Amino acid sequence: MVQTNVTWWKGFVFLGFSSFGEMQLLLFVLFLSLYLITLTCNVFIIIVIRLDSHLHTPMYLFLSFLSFSETCYTLGIIPRMLAGLVMGGQAISYVGCAAQMFFSASWACSNCFLLSVMGFDRYVAICVPLHYVSLMNPTLCAQLVGASFLSGYLFGLGMTLVIFHLSFCSSYEIQHFFCDTPPVLSIACGDTRLSEIGILVLSLLVLLVSFFFITISYACILAAILRIPSAEGRKKAFSTCASHLTVVIIHYGCASFMYLRPKVTYCLERDQLISVTYTVVTPLLNPIVYSLRNRAVQTSLRNAFTGSLLSKG
């Protein structure tokens with residue numbers, strides 16, 4: 001392993017999936033395919049919700065912003081990862097690494113807050129349906145989305161500052177495919193305990209606070225569903241939440257495993273596989289599990305496709 005002083009040349013090198021040898025080409029094809037599907041589906045969701053007036057409701061507004069957030073998150077990570085699979089280890093400047101960490105952390109935190117907002121939306125729709133329209137008005141929806149993104153940027157900035165005030169003098173090689181906090185922290189020299197505590201505190205604030213509000217929302221939703229007299233009514237009410245719960249479980253499960261643990265438990269090769277889940281697989285869940293399984297979105301997509309064919313004919 002080449003040793004150098006990063007403070008001298010201000011850069012790092014991603015080793016990515018170099019340990020996978022000849023499998024890198026197969027991984028490139030797999031990840032590229034998944035990424036193109038993710039990008040296409042999320043863009044379609046955004047366009048369809050924007051153009052179809054029937055989908056101009058809070059639920060679909062939040063879905064479109066979640067798709068937008070996931071698209072921005074993957075754009076900052078996956079193209080560089082794909083290039084690394086083809087060309088091998090890639091260099092990134094010190095400033096570029098900090099910028100990538102800031103934006104990826106910001107979008108990831110924003111996703112957590114957006115999922116929390118979507119849980120609140122489901123609570124209002126099921127528990128106080130008669131007041132849904134007046135409560136979830138355009139002004140409140142805009143404020144909730146704005147607060148989600150602003151909070152995400154502030155936490156992303158905090159995580160980046162906690163990491164990049166450290167010195168990196170032992171190695172410039174990052175055993176990862178992007179500048180995530182655990183792998184960058186693992187190559188810092190000196191006493192990193194305060195930084196570990198800082199990352200843990202920030203991660204706890206993001207994950208536990210947003211998950212707490214989701215839990216409260218679903219506790220109220222469950223109580224309301226159990227009061228519905230008919231089994232068909234309970235099933236219908238729960239079906240409106242099933243996709244959201246699926247995304248929440250996978251998103252929070254992966255994020256908690258990565259960030260709510262001490263540095264001594266890091267296993268970089270295993271952590272790469274977990275990172276692939278929430279950078280490649282999880283963003284695909286939003287359009288497929290959450291949106292494309294929704295009947296209203298399916299109908300809108302079908303109408304848009306049919307209209308496109310008729311206009312060409």
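Glycine too: its Cβ is placed from the backbone N, Cα and C atoms.
As recorded in TrEMBL:
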TRANSMEM  25-48  transmembrane segment
DOMAIN    41-290  domain 'G-protein coupled receptors family 1 profile'
TRANSMEM  60-79  transmembrane segment
TRANSMEM  91-120  transmembrane segment
TRANSMEM  140-164  transmembrane segment
TRANSMEM  199-225  transmembrane segment
TRANSMEM  237-260  transmembrane segment
TRANSMEM  272-292  transmembrane segment
Relative to the transmembrane segment (199-225), the stretch among 25-48, 60-79, 91-120, 140-164, 272-292 with the most Cβ pairs under 8 Å is 91-120
Sort out for me which stretch, of 60-79, 91-120, 140-164, has the most Cβ pairs below 8 angstroms to the transmembrane segment (25-48). 60-79
Winner by Cβ pairs under 8 Å against the transmembrane segment (140-164), considering only 60-79, 91-120, 272-292: 91-120
Near the transmembrane segment (272-292) in space but 6 or more residues beyond its ends, with Cβ under 8 Å, are 17, 31, 34-35, 37-38, 41-42, 44-45, 63, 66-67, 70-71, 73-74, 77-78, 81, 108, 175-178, 180, 243-244, 246-247, 250-251, 254-255, 257-258, 298, 301
